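Trainee: OK, Swiss-Prot features for this one:
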type     : residues : note
MOD_RES  : 2        : N-acetylglycine
REPEAT   : 75-104   : repeat 'ANK 1'
REPEAT   : 108-137  : repeat 'ANK 2'
REPEAT   : 231-260  : repeat 'ANK 5'
MOD_RES  : 335      : phosphothreonine
COMPBIAS : 496-505  : compositional bias 'Polar residues'
MOD_RES  : 524      : phosphoserine
COMPBIAS : 538-551  : compositional bias 'Polar residues'
MOD_RES  : 638      : phosphoserine
MOD_RES  : 640      : phosphoserine
MOD_RES  : 642      : phosphoserine
MOD_RES  : 644      : phosphoserine
COMPBIAS : 649-666  : compositional bias 'Polar residues'
MOD_RES  : 663      : phosphoserine
MOD_RES  : 677      : phosphoserine
MOD_RES  : 679      : phosphoserine
MOD_RES  : 682      : phosphoserine
MOD_RES  : 693      : phosphoserine
COMPBIAS : 872-884  : compositional bias 'Polar residues'
């Protein structure tokens, strides 16, 4: 395979000399063996000398014959695939001369012709069609045979193939506007009526993406294409939906029926719904029937009449005027561009019923989602990291791997098996179309018409599957060659398809509601909403004007541009129309009254300081008024004229900031500057009174918030996420323990948590956290003076009933013990592995009255570990049975000292116990391990890899491949491990995928953790592991033997890593775990012996000097010598061994 790999690489990189050299030997051997000729004309299959001759000499020649010209890599690419994709014409010619087959499909069913057409290389396309030894069937589709496709007729729906898109080369060329390739394919009598899996013809794709020249070519060659429409769509509908007015005009001039009706209605429905005013005018001028209804019984006018954007009202006026003939188009344009008066009174919204508006828009969204599978044929082209998304993804940015990965994460998809730094260049830029020059004002539409396609979206959950099925996905693995000058100037040929430019991303996140993002996929929506959906349409409460000002009048009052106009002045004629920003219908605007604007000057702003910058980059969803505590509300407010004078902020500065509010920092700076003069004391007192009165109003609104908040808490996490437009993260939150809306408050869910669970988009994280602030915080334990009566009732209040058994079995049976919990214990002792559940518990214990844990290392004698031989067969998750605790680190210092005091009840001996403890501490501050050379004489190293504390209080994790396990019938130490390694290596040679696990090693044992989902698979206690060794034949492979306590059988578990050094470190860490466990056992025995000695002393006369203990104990155990003498004793085992059998009982580790 070495030569074939070289050939594949040379073809991919365009190394012509290397290709010729590798194939030169093949031509010689082919001619000598009697195979096909050098030009490849002799073999019917183009195989040449590839085993076609039955001469015995051919088998001998195979040993030195050149590489197979049709060899394939893991993606199914032949050298011809690589050369065609990357535009290496000379290499293609050489491969064709050497009998390269042109009709070999890759793993996604693509021929080299598909790749060349997608790339837009007309010369290579002609080469593949005309010069190949086997004439490429130009009409060949990715998977289904032609006879199957033609069985039901070329224009009827047919069977969808699951592993391809059923696209011809003409589809690929038409979609990207490769005019020359389309010409070449049409010259070969390519059938342009074929449809892909989503029933789209090449003409549909060209109309969808605005490829004007391709549309003209296809219509000129096959005028009958205009009659090949389906109930799903027509070219006219697709072009109208995306505002390609030139394409619309060409289709109408060619005779396409403008009144053709699909499930979504007429082309006028499409253009009106997606705000394409120019297309609406063209269709009206062409005499389209405005009374056509869609499948919901709505006309185009009904669809846009109630949508609250100026663009929709403009289109509605166009249609109405066309029906009545009252005004001309120019008059409508002049009317639409006239500025509307400033909307200040939100009572004007009242005639617009929230229920009717919400119902209308929701029905549109639900209808699109219902037909998502049929209507979203190119969803994978926008979301998946595939061949079609290689074109810089409509951003104009450098198309490196980082930007692509970021783009894939934003859509929730990522291509599997993508090699780093390998990416083919995008196809050559198609000729600019007339439609691409059209731009829509982004003030009203976040996505320009040419930057966003209104392709019907799939539901989010289907995106990964679609990506997996896309036949061009693996093109990412095709090339390492970097883009040259195209990187800086490449524009996506589907720029209107992805709509992911930086500007449009900001606009989309900041202005378009998430419910519409799935509807449009980049097309400019008519319903322009500045923040959370339908929030702007809510009728204000008369008793609480603050809530209504949040979305309507607050921004309007903050945008006064005249320097001399203060908050108490009525709006001037020069003030820009703010109703456009809040997305209200033009007919609902009203003149602002002086009284209402007066009230604005005393309104607490519902947007914190710095929100202006935030609006430019992220979602503008703001918390409801009562989500802030009163004290916080006092820090951010709008200022009246007198207040702004007090703070010496000029009106010009206010206008340039675009807001009448002042941040806390600005207020505090002004206050410090003014407080130097006593004359301002009365003014500041007045300000405080104003702020206090504002707080009272907020208190009233909090009662109302409780009612609406209770409804929110009854939602599921999925419903809550859907309400904020981030339902794609439901699985991430649920799988990580954020599974209850009642416990998603700001003291539970933090930005670091969202980053850890895989939410990489900072704007989405910000929006989640903003929504979480409106949820109630988890109440601290005993916040109301009444603590739960039991641990089960406390866990039940947190919705964590599943952990009751774990808490009780681990010794946490009372609320007092729970108050001392730390996260370390939650993970290692109580096995609360879900992050959201741990954060929920910690938030409940936030205000517990205890001291901080000690910073110095704990005393290991307090571990009170049992002898290894006396351990039960309980799993590693069981806590130490002596105290229910694992270390002093987990105990408050007061509780630790109290426990020591209780163990020595005689006051007369307390001082002696203290003296012994003080003497003991210097030698116990650090556990001393024997070096590897003493612990295991065969070990060639002199030091361990980790500190002992790492294996006691934490764990050492290593990623490895698990090859399998084998029953050991005759235990022979390392010989058994070698036999098992050899057998497992052989059995896994043909496995396509070897499972990856994480070995988590502690002094207690080894855990198997699934690397994909972090679930614990199995646990092996350290006392049951008898031998661990590397495989001498493959040093990346290692194994260890365990004993099954139930059956008494021994099993050898075999693993492999990618690095020899890593394997050696794992073996050494296992050995250190043995040593740590052994030394802790010695420490435990020493502690028990000392306790027995102290007890015997208490039984004697407490007033007399301490006698020498009567047990066979060395004096150093009772009165430890200096630390320099104690350290060697830790390194040796003999210092604690005593001839008496009692002292030997717990030292066996076999």
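Positions of Cβ are set from backbone N, Cα and C atoms, glycine also.
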Trainee: Take the repeat 'ANK 5' (231-260) and count its residues per DSSP category (helix H/G/I, strand E/B, coil), listing them in that order.
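Mentor: Computed counts for the repeat 'ANK 5' (231-260) are 16 helix, 0 strand, 14 coil.
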Trainee: Excluding near sequence neighbours, so keeping only residues 6 or more apart in the same chain, what lies with its CB under 8 A of residue 2 (N-acetylglycine)?
Mentor: none
Trainee: If you average pLDDT over the repeat 'ANK 2' (108-137), what do you get?
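Mentor: The predicted confidence over the repeat 'ANK 2' (108-137), as a mean pLDDT, is 78.
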Trainee: Which residue counts does DSSP give the repeat 'ANK 1' (75-104) for helix, strand and coil?
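Mentor: Taking each residue of the repeat 'ANK 1' (75-104) in turn, the totals are 16 helix, 0 strand, 14 coil.
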Trainee: Please state whether DSSP places residue 2 (N-acetylglycine) in a helix, a strand or coil.
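Mentor: Once the DSSP labels are grouped into three classes, residue 2 (N-acetylglycine) ends up as helix.
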